Each structure stands twice: as structure tokens, then as C-alpha cells.
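According to TrEMBL, the protein carries these features:
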type	residues	note
TRANSMEM	B:6-27	transmembrane segment
TRANSMEM	B:59-85	transmembrane segment
TRANSMEM	B:97-115	transmembrane segment
TRANSMEM	B:135-162	transmembrane segment
TRANSMEM	B:194-215	transmembrane segment
TRANSMEM	B:268-287	transmembrane segment
TRANSMEM	B:308-327	transmembrane segment
TRANSMEM	B:358-376	transmembrane segment
TRANSMEM	B:382-401	transmembrane segment
TRANSMEM	B:408-427	transmembrane segment
TRANSMEM	B:543-562	transmembrane segment
TRANSMEM	B:624-642	transmembrane segment
Amino acid sequence: MASLEVEGVTVAYGGNLALDGVGITAERGRVTGLIGPNGAGKSTLFDVVSGLRRPSAGRVLMDGRDVTRKGPARRARHGLARTFQRLELFGRLSVRDNLLVAAELGPGRRHAARLVEEIIDRIGLAEVADVLADALPTGVARLVEVGRALAVRPTLLLLDEPAAGQDAGETERFAALLRSLAGDGTAVVLVEHDMGLVMSVCDEVHVLDLGKVIAAGPPEAVRRDEAVLAAYLGES
Amino acid sequence: MDQFLAFTIVGLSTAAIYAVIGSGLVLTYVTTGVFNFAHGAAGMLAAFAYWQLSDGWGWPVPVALAVVLLVLAPALGLFIERVLLRPVQHLGEAERMVMMVALLSGLIAAARWIWDPNVARPLPTFFADRTPIHWGSVTITWHQALTMAVAVAVAAGLWALLNRTRTGAEMRATVDDRALAGLTGADPVRANRVAWVLGTQLAAVGGILIAPAVALDAQQLSLLIVSAYTAAIFGRLRSLPLTFLGAVVVGCMESYLTGYLPQNDYLPGLRLAAPALLLFLALLLFPHRRLRGRDRRLAPVPLPSMRGALVFAGTVVVFGVVLATVLQGTDLITLGPLLPLGVVALSYVPLTGYAGQISLCQLSMAGIGAVVWAHLGAHGQPWALVVAVLVAAVAGALIALPALRLSGVYLALGTAAFTVVLDRWIFTLPSFHVLGVRIALFEQGSLEVHGPSMLGLRLDGERGLMVFSAVCLALVSLGVAALRRGRFGRRLIALRDSEAAYATLGGNLLVARVAVFALAAGIAGLGGALYGMQMRTITADQFNLVAGLPIFLIAVIGGLGYVGNGLFAGTAFVGPNILLDLASWTPNLVAIAPALAGMGLAGSPDGIVTRFRREWDPVARDRVVLPALLGALALAWLLRILDAVNGWVLLAGVLVVAFALREYAAARLRSPAEPEVPVEWWGVRRPWRAEDGEVLARGIARG
């Protein structure tokens, strides 16, 4: 069963439709890509899915359960975690404490400290574990957000441009991390501008443009899709 | 009907003044992004200055008006813009707000200094000698007509300024985006300056017009602003027409309450508190957003070690014992509140420092604690202290529930309104019954407060109470340190740093905010009970809004993220009381000091406590200087107890020795005893050390 189903979600800012009847699905054990030009509505969709913004129409289902009217905290308890395009770290806490706050709120709270150390090892944050989050360079800060999201042991993980600011080597390691997360049975939804990363790790890709899904399917098919090429390169 | 019309006229006349003051507030807020808490105080100062010139020195009214409105008010506006705000422009919203609270507190203290509050200063209304205008059954005095005419003129003038002049266009552009407005050739600094000058002039006009209707009292006039705030909140701090509408609602409501509120013991206070109640409701009902983007600069919240916290707590107790043994006579009484108010100030650390909730009602919570203790702890039962803390905590939780919708300056306003409701109405109520339980407050006068009985001891003397307060402050400091190190403290900081992230991780905003309000109110309640014990008698006035502002200011200056702030704030706020008896002017100096200190915030925005720690760290680490200092302090204490030296010599001697030792320790740190050995001689001219390998490896890697 799909971990996440978004059906006909519409969000209006004033008279403009940021999302117009968007439907996507994400399944456990798979990495689902969500791409599109700037302003396509990707982050707005994440806000709707995570409960920070209520849609004017449409439904959000997690594991078949309608959570459209539930707040962000309830969705988190259903297993959702996310990162933010504009960083939302707890800047005055150390990296370790950032993860600890999350772990203590999640299902692993009984062994929070151990869980945090495992995550620090897994994504390579040992060197910065005691650094204040505000002092981190952007690339590392994004990784800490991923780590913090993992600390609530999510079954559905929304990542908003997690690899921005990483060099080639770091991106390579990050791709491996994403694959291993999916291998653990997590449904990963990835918003990313790095097409190389998207095409190499995603099992399925949805393309958003001007608030609508204009294509969906395996990466290879999407890459050749006429509508996608037009959206990215402009009408010829 | 005639009576109704008469009250309407009075209401509209008052509304006209609120509209003038409120529009000045909106003008400065939309242009500069600073909410002027001192707006009413500016009007108050103008009214006093006008009285001084016209009545005091006998200048002709037009000259006095011209000097106040065209010289003094603009000068104050420029002072605010240039001296107070520009140094904190790059800091956060909270710092700018602190500046304005400091100005409010400072102007009230300055006015009381210049104009003795015990002298009555009647100010005549304008055109008092002319016969009122009769219009059917309605009578309008010339003063009332003048206020309404001024309001109409202000409305027309502001409309023309904003819509028909280049300056107005610049001001409106600065609202939307300061940097962008600058790029298009507009001058944001000039726009700010114009806004401050105009805003202060409007406050001055309002102050002069309203002063004849109320007593010329610094505090009362400054707080009349609450009504104008309400009007401005009706306009969501943006819209001038809605501000005028809000002013009409507030002005008429006050007038009708005066006319129609039934006369009994419980309701007179309600009329006084009505504008504040309306402000609270307006804040909750009208949706608002912040003018500027999110504040990214937050107070640092260092992690105290448990050992450090224990040492600090021990120091607090020793400090209390030393104070209790060296102070004599009136000093024991004037310095009595030092540690209790330190506890109240410490309540700001979890609430504002960690959780970022700006509250101006902590002293009211202290008042609740003091009242509960006074009634229940009359025989010193320790459980009554627990009840006092719990009742204050419940009151804190009750404020938190409506305040959940508010943040930043709106929360500060909401809590200030709550404080005004408490001290003008609730605290003035005679005793009443709720569900068969008799609730007694200040019994419309003063309350006697006694010390607790513990371990077979009745602590009723100043010295015993001082030590008891020190123990309480030490325990609360330890508790706050443990909080910072624990799960709840982390959550509070997380909640402040990113509400969105905290919520999407499954955190419950409501529970955390209510809990921290309750916790902080409980701490303040304990401080209030201790304060009451030291003061022996308490009145509602000791816990009002204006009394609480300096404590807030000192706590901010100390640094809201530091556990040591309780001791610092208590000492910095109450310590200067030793100067009270020195000369006739020293009490005024002591009263104005916190405001002046608050205005100096830009000098160390992260707090004095961190600076203090940095400067004294060499002493704490030095194995020679620290024991020497402790020995000197112990000797000084002994000499004082044996009455070999007096208090002033003791204070001066301790300060000289401490500073000299600090300099010595710093000098020792700067020049290590052993001369620097060049790296190629390591292991030759001096023994090879374990860490040398790593130092070399790092140097090579860097090269």
C-alpha cells in the first residue's frame, strides 16, 4: 500500500493557484522524486503534506488514513518527518541536541541518546556533533536536518533540497544514504534540483509545473517527456 | 437621552485625543517597524513641559505650545531615532522593544525627578473662559470642540502627507522594504526621522489635550496610552482610518462606563481597567502579522555544567549569609528585596531566554504569590509557600492560553494589558466568594506579611529571611540549570528557534508554551512571596506595570539565557539602594538607573553576565589568585563582623582588591611563565609533550 497519497490538492494564494489539483503517491521502500522549476509548488506541496498549510481542496492520506484535517504534530506521530528548503534548525542548540529533541519526541524516545549517536555515525556528523547549529555551513546544516528527521524514525520522509550546497563526493555519499533509507522500508520523497542525483536514486519521478503535475513515471521516461522538456527549457 | 448625548460628546472628545495619539503610534510603527511603548510617556512629558512653561513660568499659551510642539517634541523624536534606535537597528525586534520600554521607564522616572509628584499641578482646559456651545439639548465645551477639530485636522494632514508628498511616498515605501526603498532613491533614514518627529509631535498634542481632564501624574498619563494602543490595534497598527474608528469605540466605551456602570465595590476598577481589557480582546480578535521578517538573532543560551551550577548556587547562599551578617539598620531593609527580586528576574530566563516569550506581567505573578502567602502563610506554614507557587503557576497558565495567538511585540502588549487589568481592577477588589471559597486580595489597602516557620525556626527577622531568600534563589538557579540541561529546556529552545520544525517533529506547541508560562509564573510567585516577607507589608502598587518594567530591563541587560541572571538582576536592580540615604537626589538617580542601563543595551547585546564571566574567568582559573581573592573576602567579612571597619570601607576595599587581583590574573595569563620555545627546538630545549605531535600535524596540514 502506498505510504502517501495526495489527491486533488489545491492551494490558492490570493487569486493565484500555487497547487492545482495535484495528485502524487509515494511508496515504502522507494525514493520518489518531485521536480519542477522554481515556483512550481514543490515546497507548498510539502507544507500541505506535513500539515503546515491546509489545502482549499483535496485530501492527504498516510497509510490509507485521511490526515487532511490533522495538525503537523499528529502527522509526525503517524510517521512523517521532513526537512525544509529554508533551513529550520534549532540554531542555539548543538547538532547533537537538535537530533536529541527529535529523538525524544519520536517513537525511539526510550533510547533517544543511543539513537542519536547511531544517526550521527550513519550520516557522518561526529565532527560537528557539539557545534551550535547556527554556526554550520549550509551543506552540513542540510545534512543535520536530514539527521534530525531520521531521529523520529519516520516511515515517510520528505526531503526538500537536501543536497544543495554539497560537493560531488558528498552528493555521492548522500545518494547511498537515500538508497539505504529506502532499503529500510521508508517512503522517501525527494525535492531536488540536482538532476544527476534525482535520476540516479529515484524509483519514480513526479514533475510539477505551475502548480500541476505534468508528468510522472520512471526517471528515464520522465527525462524524455515532451512536456517536461518544455517546462525546463521553455517552449521551442 | 440628553444624558446619553452628553456622555457621547465626552466620549467623542476623548476619542479624538486617542485618535491623535494612536495615529502617531501607527505612523512610527509602519515607517520604522518599532512599536513605541514610550509613546504615552512622550505625551506625558509634553504635558508637563507645557505646564512648566505656561503655568509654572507664566509664558503666553501660544508661545508655550509652539516651544513644546515645534522644538521639544521634535527634539525628543530625533533623540529617539538617533541616540536610542540607530545603535540597535541591526539587532532584533526584542532589542528595539527593550529600548522603548527603557525610554518609557526612564521618562516616568525623569518626570518624577523634575516635577515632585507630591505637588498638585492643575492644568486649565483651553478656552475655559468661553461659554460652552449649546446645540439643542447638547452642550459642547470649547476644549471638546478643539480636540475634535484637531483630530480632523490631523486626519486630513496625515492623508495629505502620505498621499500627496514625496516624503509620504518614501515613508510608505520604507514600510514595504527598507533596502529596496533605498535603491530607488528614497531615503529611509529621512523617512524614519520624519516619522519619529511627527509621531512624537502627535503624542505631545494628545498629551497636552488630555492632561486637563486627568491629574498631571507621570505614571497615569503615560499609561493612558493603553487606550490609544487599543485604537491602534483596531487599525492593526497599519490603518489610520481604522485607528480612528478604534479610538471612537474606546473613547465612547469609557464615557458610557463612567455614566452607566452600577455603583458597587467591585466595579469602579473595571472602568479603569476597561481599556486594557479591550486591548487584550482586540489583540486576540484581530488577526495580525509582524511587519518585518522573522527575527533571526536570538539570545545565546549557554549550557551550564552541573558542577558550575552547584558552585554558583553555593556562592548565592554564601552571598546571602554575608549580606545578612554585614548589613546593619536601614540597609538591611532597603537591600532586603535583592534576592527575592532576583528570583522574579530569574523567571525571565526560561520564559523569555529559552522559550522567547516576552512577558511584561512577571511582577504581577509575583504579586499573586505574595497575596496568597500573605493570607495562607500568616502563621508561617511552609505548605502555604507551595500553594502560593502553584496559584501563581495556574495564573501563568491562564495567561498562556489566550496569549498562544500572540508573539513578539503583541505578546508584550497583551501581557502588559493583563498586568494593568490586575493592578487596576482585580487587585483592588474586596474579598469575594467563588464556589464557597473566600478569595481575598489586597483588601483594598495593604497586607501584612510574615516569614515562614521551618525546622522549628520562625524566620521573621530580616537577616533570617535574607538567608532563606538566598537558599531559595540558589535552589531555583539550580532548577533552571537542570531545566536547561534537560529535555524540557531543549524543547523550549527548539520551539523558539523553529516552531515549524518543532511541530513537524511531533512537538505540541500548546503544551510547551502553557508549561513554560506556568513554570515562570510559579518562580515569580515564589519571588513575590519572598519579597512580601522582606517588605512586611505589601500594596497592589508594588506589583504594577511600571514597577515591573525595570526588572524586565535589568534581566534583559544581564542576558536572558544565563542561569546567573537572577543574582545579577537582583544585585544590579536593588544594590544601588545603598545610595538612597546619601542625598536628596539619590533616590531619583536610583529610580532612573535601570532605564539608562537599558538604553546602553547596544554595548553588550548578549548580556552583561557573559561579559562578566569573560572578564573574571582568569581569576576563576588561577590557582594562586582565586584562593587569594577568597581569603581577602573572608578577611574583609571577619573585619566587618568584628566591627573593625564600616560598610563603605568594606565595599571599597573589597572592590579594590578584587579588581587588582583580576588585573594580576589577566596579566599572568597574558605572559606565561615559561618563554616561547621555537618549534624546531621542541624536545631539545624543553621536554617533548604528548600534544606536540598533534600540533605539528595540524601545522603541516594547514601549510
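Placed from the backbone N, Cα and C atoms, the Cβ positions cover glycine too.
Unlike curated entries, TrEMBL annotations are predicted automatically.
What does the local environment look like for each feature on the list?
Same-chain residues lying 6+ beyond the ends of the transmembrane segment (B:97-115) with a Cβ under 8 Å from its Cβ atoms: 34-38, 40-42, 44-45, 48, 52, 80, 84-85, 88, 121, 216, 218-219, 222, 358, 360, 408-409, 412, 546, 549-550, 552-553, 556, 585, 588, 591-592, 594-599, 601.
Remote same-chain residues near the transmembrane segment (B:268-287) are listed as 226-227, 229-230, 233-234, 236, 246, 249-250, 253-254, 257-258, 261, 402, 405-406, 410, 413-414, 417-418, 420-421, 424-426, 428-429 (criterion: CB distance under 8 Å, separation of at least six residues from the stretch ends).
Listed as Cβ neighbours of the transmembrane segment (B:308-327) (distance under 8 Å, sequence separation of 6 or more from its ends, same chain) are residues 335, 338-339, 462-464, 466-467, 469-471, 473-475, 477-478, 481-482, 563-564, 567, 637, 640-641, 647, 650.
Using a Cβ-Cβ cut-off under 8 Å and counting only residues 6 or more beyond its ends in the same chain, the transmembrane segment (B:358-376) has close neighbours at 94, 97, 101, 344, 347-348, 351-352, 384-385, 387-389, 391-392, 395-396, 399, 408-409, 411-412, 415-416, 418-419, 422-423, 427, 440-442, 447-449, 517, 520-521, 524-529, 531-533, 538, 540, 542-545, 547-549, 551-552.
Within the chain, the transmembrane segment (B:408-427) has long-range Cβ neighbours (under 8 A, six or more residues past its boundaries) at 35, 37, 93-94, 97, 223, 226, 229, 233, 269-270, 272-273, 276-277, 279-280, 283-284, 288, 290, 295, 357-361, 363-364, 367, 371, 399, 402, 441-442, 540-541, 543-545, 548.
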How about long-range neighbours of the transmembrane segment (B:543-562): same chain, 6 or more residues beyond its ends, C-beta under 8 Å?
94, 98, 101-102, 104-105, 108, 219, 222-223, 299-302, 341, 344-345, 348-349, 352-354, 360-364, 366-367, 370, 416, 419-420, 422-423, 427, 528, 568-569, 572-573, 594-595, 597-598, 600-601, 604, 606-610
